[in-house]
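Written out below as structure tokens is the structure these notes cover.
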């Protein structure tokens, strides 16, 4: 599969480069589309899956039986695209439109360094982890701008909540990734996956020695994306839709798309940093060469990565259907008084485990 893609992509890349500056621009646009189109399609089916899963949990007839629950999500898309974008008369017109774009752009840009396989990555940057930290922290600026430009007290309150929440949990996520960097010895995402390779399968993954950091990163990822039970930014019972309260139509859809794209991105990153990425959990247990179509079961590949991502993406929905919303002060207390001290302690523990050879870097 990878060889087939490379045989197609490399000649195509050379052909575009032969066209001069215009070809370079077209190639850049093509790479942007290679990120945007799959993400948009994935979000569409993710919304369908969310409706189905919550429908099963809550025994809702619409998502379960009416048209097999497929048409509701697509009806929402058409409804949002064809609705008028209404702007409050007291809002800042330009900033009101720029805000959703500023939220969506980092959500798409972060995907450029995410590896799907050993060779299937758009940009195998040596500083991929630092780039991800930068991109994932930029989205909050769009939320703050939306709250300010709307000139609404509810929108502004939601934006301020989001700023405090993202800053709080960004620190915990960053400290959790410091442990990953120490254990892998790299900030390249592909090298982080290779550091978890070995003959013991999932026992070589960072999930076991870095389990507290895994929990911190997972929960912080849920808080970072403002999802239940950390959705005080859009608390319907308190501030309606938060920073999006004045948005409608396509502008609201951009916020919606950015949120779900970030949810899927966090699911990918958890799988890459702690669960071996595309590596098989039984890698090294079986060495027999049966057939190319069966070998991926123990040699690894993008299907394994997608299965791990599917689990964490479904967990987002499970949290939404099961847990009540935390109070704002509880969210802040969890981030500052529990997660940050825990990550600092476990960074030291990780350094000791690497020093004494408890954590062995992969092949």
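The backbone N, Cα and C atoms fix where each Cβ goes, and this holds for glycine too.
Sequence annotations record features per position, and here Swiss-Prot assigns transmembrane segment to 29-49, 62-82, 96-116, 127-147, 163-183, 202-222, 239-257, 264-286, 299-319, 339-359.
264-286 is the stretch from 163-183, 239-257, 264-286, 299-319, 339-359 with the greatest number of Cβ pairs below 8 Å to the transmembrane segment (202-222).
Long-range neighbours of the transmembrane segment (299-319) within the same chain, counting only residues 6 or more positions beyond its ends whose Cβ lies under 8 Å from a Cβ of the stretch, are 1, 46, 49-50, 53-54, 57, 116-117, 120, 218, 222, 225, 227-229, 263-264, 266-268, 270-272, 275-281, 283. Touching of the transmembrane segment (163-183) and the transmembrane segment (29-49) is ruled out by the presence of fewer than three CB pairs under 8 A, sequence neighbours closer than 6 excluded. For the transmembrane segment (239-257), the partner stretch with the highest count of Cβ pairs under 8 angstroms, out of 29-49, 96-116, 127-147, 264-286, 339-359, is 96-116.
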